[in-house]
Structure formats: structure tokens, C-alpha cells
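Engineer: Next up is a structure, given as C-alpha cells.
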């Protein structure tokens, strides 16, 4: 999949942090995200294209400082890339629809998957079961 440039269509609506995270592969400071402590039932979407990424049922408190999920909404929801930046070997996760940076996945999550999808709040929007929307 070719990387799409999402910045131009959202240039005037993204905050500096949202742009930094989704377009420049940045990371928000730990414990700073608006959706970290969200416990409402609903769906987490890509902030850029609104594709569904995670269900609230798969969210858990990993203690890492970012929203954590043990599985994506669907296998196609997430794109995986090797990330050797900062002297570490990690797996970057991006939106499977628009290629926006989301965070990283680690093999230290709970069952049933054993995976921890560590996601920047700034890359997400959340819609609760009543249709109310919150931006990360």
C-alpha cells in the first residue's frame, strides 16, 4: 500500500500534537492523552479517515501511559511495519485505510492474543454507543 499524504486534507483541523503523531510518526507524552482513561463502551476510530480500529471491549490498562488494546477491530484495520528507530526493534502500527501513524504493538499483552497495541490518543477518535464523539 502506498503512503497517502493525509496532512493537506486536515491541515487546518489537526492540532499540533495530532499532526505530529499521525503525519510525522511522533509519540505524545505518556499519561497525556484524552482517551487514556476512557472507560465508555464504543468504537475507537482513526482520527484521520474514521476507519474503525479498536473496540472498547479490547481496551485494558497496561500501565504504560497510552491507551492499550489486545486486538484490532479487524485484521485489515492495522498495517504493521518494522521500526528500528531510536536504537530499538519495534513494530509500528498504522491505520490500514489511510496509513496514519498510530503507535506500536508489543508481544507482552494479555490473552487471548498476547499483544499490546500501544496507541497514541492523538491518533484516535472515539464514538460511544450513544453516538457521542470524542477526539483524542
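Here the Cβ of each residue, glycine as well, is placed from N, Cα and C on the backbone.
What Swiss-Prot shows for this protein is this:
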type	residues	note
ACT_SITE	118	active site, nucleophile
BINDING	46, 49, 95, 98	Zn(2+) binding site
DOMAIN	7-129	domain 'MsrB'
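In the displayed structure, how are the listed features positioned relative to their neighbours?
Structural biologist: Summarising the environment of residue 118 (active site, nucleophile), the number of other Cβ atoms within 10 Å of its Cβ, over all protein chains shown, is 23.
Every protein chain shown contributes to the tally, and the Cβ of residue 98 (Zn(2+) binding site) ends up with 20 other Cβ atoms within 10 Å. DSSP classifies residue 98 (Zn(2+) binding site) as coil under the three-state reduction.
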Engineer: In which DSSP state, out of helix, strand and coil, do we find residue 118 (active site, nucleophile)?
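Structural biologist: Looking at the DSSP assignment, residue 118 (active site, nucleophile) belongs to a strand.
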Engineer: Can you give the mean pLDDT for the domain 'MsrB' (7-129), rounded to a whole number?
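Structural biologist: Averaged over the domain 'MsrB' (7-129), the predicted model reaches a pLDDT of 95.
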Engineer: To the nearest whole angstrom, what is the C-alpha distance linking residue 118 (active site, nucleophile) and residue 95 (Zn(2+) binding site)?
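Structural biologist: One finds 13 Å between the Cα atoms of these residues.
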Engineer: Tell me the Cβ neighbour count for residue 49 (Zn(2+) binding site), meaning other Cβ atoms within 10 Å of its Cβ, over all protein chains shown.
Structural biologist: 16
